[in-house]
Structures are given as C-alpha cells and as structure tokens.
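Undergrad: Okay, so TrEMBL annotates it like this:
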type	residues	note
TRANSMEM	90-107	transmembrane segment
TRANSMEM	127-148	transmembrane segment
TRANSMEM	155-174	transmembrane segment
TRANSMEM	180-202	transmembrane segment
TRANSMEM	223-241	transmembrane segment
TRANSMEM	287-308	transmembrane segment
TRANSMEM	341-365	transmembrane segment
TRANSMEM	385-402	transmembrane segment
TRANSMEM	409-431	transmembrane segment
TRANSMEM	437-461	transmembrane segment
TRANSMEM	473-493	transmembrane segment
TRANSMEM	499-522	transmembrane segment
Amino acid sequence: MANRELTPSENCEDNIDELLTNMMLIKNELNDEQVIDNKDQAHVDKIALHKGIYENGNAVETETDVGVPLQQSDTSITEARKRTLHVHKILHTICIYSSMFSIGWRSGLHGPVFPDLRRLVNEDLAVASWIFTGLSLGGIFGAILSGVIHEQIRLFKVFICCGITACLGVITVITPWCPYFAGILALHITQGVFTAIIDTMMTTDIAEIWGHQSGTYMQGYHLMWSIGATISPFSAGPFLAPKLSVPRNDSTLGACNSSILHTNWQSNSSSADCEYEVIYGESKVHFAFMIAAVVPFVTTVVYIVVLATHGVIHRRIDTHYLINGSSSKQTKYGLSARMQVVFTLLSALLLSLYLMCERGLAYFLMTFVTTSLNWSTLEGTSINSAFWITFAAGRAFSLVLLKKLSLTTLLFLNYAAVIVGSTLLIVSIVFDLRVILWLAVCICGLGMSSIYGGIFAWISYHVTRLTGKVASTVYVPVALCAMLYPVLVGYLMERFSQIWLIYVHCIIVVVMSVDYLFVVIAHKRLTSDSK
C-alpha cells in the first residue's frame, strides 16, 4: 500500500513535537536534581506543553512551558514519600519494641515463678527443669521454621507477628491453671516456637529497615526486652507463695505456745521444747500471669493500629528502593563466602555460651539463694530483680557508649565486666559474703547486657547481611545449647550440690571470653590481608 502524504498541518505538528522534545532534553541535562530519566521526563513535559498549546485546537498560554511546576511537584512528592517512609519506620520499630517488651516481661517471670510452678506440678528440680528445655526446644523449631519461610512470607510477616503476639497472651493466661507437668511443658514449647519466630523476624527487620544505623536500634530492641524482664519480677513478687514456719507436729504445738503461722527466714529452727519446719503458703501466681498477659494484648492493638493507618512497611520500602534505585543492602565485608559461614558459626557459639550464662542466673539464681543460702522469697526476688535492673541499665548505657566507642570495643568491655563479676560471684559464695554476692550479680548483669544485640549487630557490620536464613542459622545452635543447659544444671544442682550453678557459670565465662578474642583477632587479620 502506498504511503499517505502528510498534510502541511500534520507536518507542522510533528516538527513542533520534535522541537519541544529537544528543548526538554536540553533542559533536563542541565538539571542535576532530576530523578526520572531524562528522555522520559522530557516526554512527560512535552505532553504537558502539547496539551497547553493545542487545547481546543488553539494556541494558549500555560505555566508548564518552562517545566518548573512539574519539577517542584516531583521534588515535593519525593520529600513527602521520604517523610512518610521515615514515620512508618518509627511506627514499625515501636511495634517491634513492644513485641520485645512483652517477650522480656514473660521471660523475666521464669525464674521467680519457677518454684511455684514446680510445687504446682509436684516435681523435683531435675524434672521441672525440663520446662526451660521445652522453651529452647520450641525455639529451635521456631528458628528453623522462620528461616525456611522468611523470604516467602516477607510481605505478610507483620500480620503473622501480630497474631503470634496475641497467642502468646493467651498462653500466658492459661499456663498457671494447668495442673499437669506435661501440659505446662507443652505450653512452654509452644511459647518457645512463637518467641523464636518473632525474635528472628524482628531482628532481620531492624537490620533491613535501618541499614547501617541498625546497631543503635538493635541495642534499643534488646533494651526493651531487658526493661520488661526487669519490671516483671516486681509484679510477681506479691503473688508468690511465702515461706512459713510451723510446729513440726501436734505434740510440739503446746510447747511452742503458738498456733499462728509466722514467717521465719531459717529453714529449720528449734528450741528446748519445740521444733519448726518450713512450708510454703498459698500461691496466687496466676495473678502475675494475668498481668503479664496484658502486655502482649496491648502490643497486638498497637500492631493493628499501625497496619490500619500505614499498611505494611516492607511494601513501602520496596517501592522506595524501586523509585530511587538505591538500597542499604549493598555492603562489602572483605570475607570470602566460606569465611562468612565460619565467622557466622563462631558468632553463634559466642551467643550460645552467653545465653547459657544468662539463663543460668535468670532461671536458677532465686532457687539457689532460697535453697542453698537459705534466703527468703522476698530476698530471692530482689536479687533476681537486681540482675535485670543492671541488665537494662547496661543496655541503656550502651546506646550512649556506641556513639563514642566501636562495637568491637564495647563488646570487649562487656566480656571484661562478666569476668570480674563471675570472679566476685564465686568468691562471695566460698567465703559467704552476702554484699559481695549482690555486687557480683549486678556486675554480671551490666556485663551481659549488650552481648546478645551486639553480636547480631557485629555480624551485620563485619560478616554478612542479616537475612532470615542467617538469623535462623545463628538461632538454632543458640536454642540447642539453651535447651540442654537447664537440664545439665538442674541435674547437677539436684544430684550433687547447688554450688554447681556457680562452677559451671564460671567455666562458661572463661570459654566465652577466649572465643571472643579469637574471633576478633582472626577477623582483623583476614580483613587486613584482603585489603
């Protein structure tokens, strides 16, 4: 078919279109702040000019003939998007912190309520310690599951964490009402699964959302956990079963000249004509669990409000990276793929050793001081709370220190404090120095405070990007060691002596400190060689 000849008017319009396109291309080449591709923007501006000039077939005046309003509009939209993204990041971080606060609150109850739960199911220390093993066993399942499905559910994990947080509240409410050991063990396993899923997902969220700023936010994340763990023992104290001393039998009742129960700090007391024995009064521990359940329910409401008002943070981040063509995920670590795996596993070993030290004091310290040292329930709760108070204070202080010190130096100071505290701990037990014991527990709390979040941040800074699979790889051996450690310590304390809690703690501290020095020195040599 023969080509149709263009009419003069059509030819004129084509020439005008071409001229406008060239003008817009020249303008955009001189504009350094232009975000969209030059040709695309020129085409957009050309369309705007064309609509203005040929509106209703007549040439008209229009503001867009210089393109300034379009540039201003594009810039304002970009800035508005950045502000909205930053606000959304803050709100999502509040949700993450709320989840960690509720988990910390529940974790802080494990030690104080353990004696009451043990008497509830009528089991000895060695058997009841399987409750803590169940927590860690559930943590392994949760970490593996989270690592496998993390990338597939990335856009939906906020909804999943919201639902899991509500389920944790339900589990917390029903735990003290279960009279069977198997039921309480199953509830703790389920709690471990849910906690590990939230911890893995939220840890990767901190690294993904804040990028190179994640170190401070990671410490804040774990600070919220320690604040919850610090407050919860105080909330549980009034509801724990008190230690009471009563006449040993009816024959001594008259000799003791008392039929009224009264509190006595001594496990057994005797006089010429009467003898006492210690029993525990009525436990109202279910009120402590009900208070603890309020926290995850409130956190669930926070999730729902943020989701309803701002949507899913990961969709907004993907859109931001798509428009701007930049991402915080590109980091050079100076390590081969094999060495990244090696240092990730060494870091997992560090976290495993740390968690055994922390769980040992958090779970068994109250049992140790009330049984072996013959302290009252109130004193046991107080020293347990002192550990968590210094733990939280150390994490808050680390946020300030990170502005002055490197993360590696901060961790070095943490390990040094743990060594000092553990040394004082064993000295106070051997020489029966109560004041030194309080001081030792507080120093251990300060020293342990920043290790967990610091190791995760160190991995993100110096080893590899903290993805769901990496976090899961780290968490599985950590949960495995945390699963076996309570059984080991509970067995040693029950079958041999309560002092084995302190012995094992000091051995682990030495191994952990040597491992950290090896990791830091080896990493420095490898990265300096690669440079």
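In case you wondered, yes, glycine gets a Cβ from its N, Cα and C as well.
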Undergrad: Applying the under-8 angstroms CB criterion, which one of 180-202, 341-365, 409-431, 499-522 scores highest with the transmembrane segment (473-493)?
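TA: Checked against 180-202, 341-365, 409-431, 499-522; highest Cβ contact count belongs to 341-365.
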Undergrad: Answer yes if the transmembrane segment (127-148) and the transmembrane segment (409-431) have at least three CB pairs under 8 Å among residue pairs 6 or more apart in sequence, and no otherwise.
TA: no
Undergrad: Report, as numbers and ranges, every residue of the chain located at least six residues beyond the transmembrane segment (499-522) whose Cβ falls under 8 Å of a Cβ in that stretch; write 'none' if there are none.
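TA: Answer is 343, 346-347, 349-350, 353-354, 356-357, 360-361, 364-365, 368, 372, 408, 411-412, 415, 418-419, 422-423, 425-426, 429, 488-489, 492-493.
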Undergrad: Using a cut-off of under 8 Å between C-beta atoms, tell me which stretch among 90-107, 223-241, 341-365, 409-431, 437-461 contacts the transmembrane segment (180-202) the most.
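TA: Most Cβ pairs under 8 Å with the transmembrane segment (180-202) come from 90-107.
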Undergrad: With CB pairs under 8 Å as the measure, which of the listed stretches 90-107, 287-308, 341-365, 437-461 comes out on top against the transmembrane segment (223-241)?
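TA: It is 90-107 that shares the most Cβ pairs under 8 Å with the transmembrane segment (223-241).
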Undergrad: Who are the long-range neighbours of the transmembrane segment (437-461) in its own chain, taking Cβ under 8 Å and residues 6 or more past its ends?
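TA: Same-chain residues near the transmembrane segment (437-461) but 6 or more away: 203, 207, 214-215, 218-219, 221-222, 226, 343-344, 347, 350-351, 354-355, 357-358, 361, 365, 369, 383, 386-395, 397-398, 407-408, 410-411, 414-425, 427-429, 470-471, 474.
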